[in-house]
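J.: Okay, here's the structure, questions in a sec.
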Ligand SMILES: O=C(CO)COP(=O)(O)O
């Protein structure tokens, strides 16, 4: 089965997150699914969930420090409390809405890399770059690898075109295929696709060559839909 990941973004409460995790865990257990499934809840909903070992809880963001004076941020100490060892870095909403620079992202990457975290590292281009063609798109994406150690063994990449995130507009299979092929030629790491992945299209997307799974926002927030997403992909290689 491909790698399937849910990014909650700023959705769900502590209570609804714990219900989601419980239902997901029961589903994975009773269907004997051993492949990796990731959930990235809000940091206020982190907890010591009792789950099967292939259900991995991660954070959407954390500051590159153990603790300290970084108002509004969480650091390693808060992750350790819940044994969190997985982190999303470079998500387009952090780059474009929160204004995280490549320099800050690289610092965060280095910090959590040195701690052995599983890092899901996101890259992707905005619409005006996509419209300038594949060459410009790849140039833009490669800049998002500046100061990022792509040989890191615990790295998963996620290609998420900015114009496809939360818009309902999925990239075409050709778009996905050509960007994934180019990235894979340079960096041989698992590569997920994200951007308006839905129950209905997840299987087709995961079948595209060089697509190793999906990172899903909107369509993953209802547990019934997320389970359908897993159902629809569980028989793929
Ligand atoms: O940003 C995403 C996952 O990280 C994708 O979001 P959507 O699935 O809502 O387009």
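The backbone N, Cα and C atoms fix where each Cβ goes, glycine too.
Grabbed the feature section from TrEMBL, which reads as follows:
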BINDING   7, 8, 9, 166, 196  substrate binding site
ACT_SITE  91  active site, electrophile
ACT_SITE  160  active site, proton acceptor
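A description of the local structural setting of each listed feature is requested, covering burial, neighbours and distances.
T.: Under 8 Å, Cβ to Cβ, and six or more positions away along its own chain, residue 8 (substrate binding site) finds 17, 39, 40, 41, 42, 45, 60, 220, 221.
For residue 91 (active site, electrophile), the same-chain residues 6+ apart in sequence whose C-beta sits under 8 angstroms from its C-beta are 7, 60, 61, 122, 160. According to its DSSP assignment, residue 91 (active site, electrophile) is coil.
When secondary structure is read from DSSP and collapsed to three states, residue 160 (active site, proton acceptor) falls in the coil class.
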J.: Taking only same-chain residues 6+ apart in sequence, whose CB is under 8 Å from that of residue 166 (substrate binding site), what do you get?
T.: 196, 217, 218
J.: Go through the binding-site residues 7, 8, 9, 166, 196 and pull out the ones with a Cβ less than 6 angstroms from some atom of ligand 1.
T.: 7, 166, 196
J.: What residues, ordered by sequence, lie under 8 A Cβ-to-Cβ from residue 9 (substrate binding site) and sit at least six positions away in the same chain?
T.: 60, 93, 217
J.: If you measure every Cα to Cα pair among 7, 8, 9, 166, 196, the residues listed for substrate, what is the largest value in Å?
T.: 14
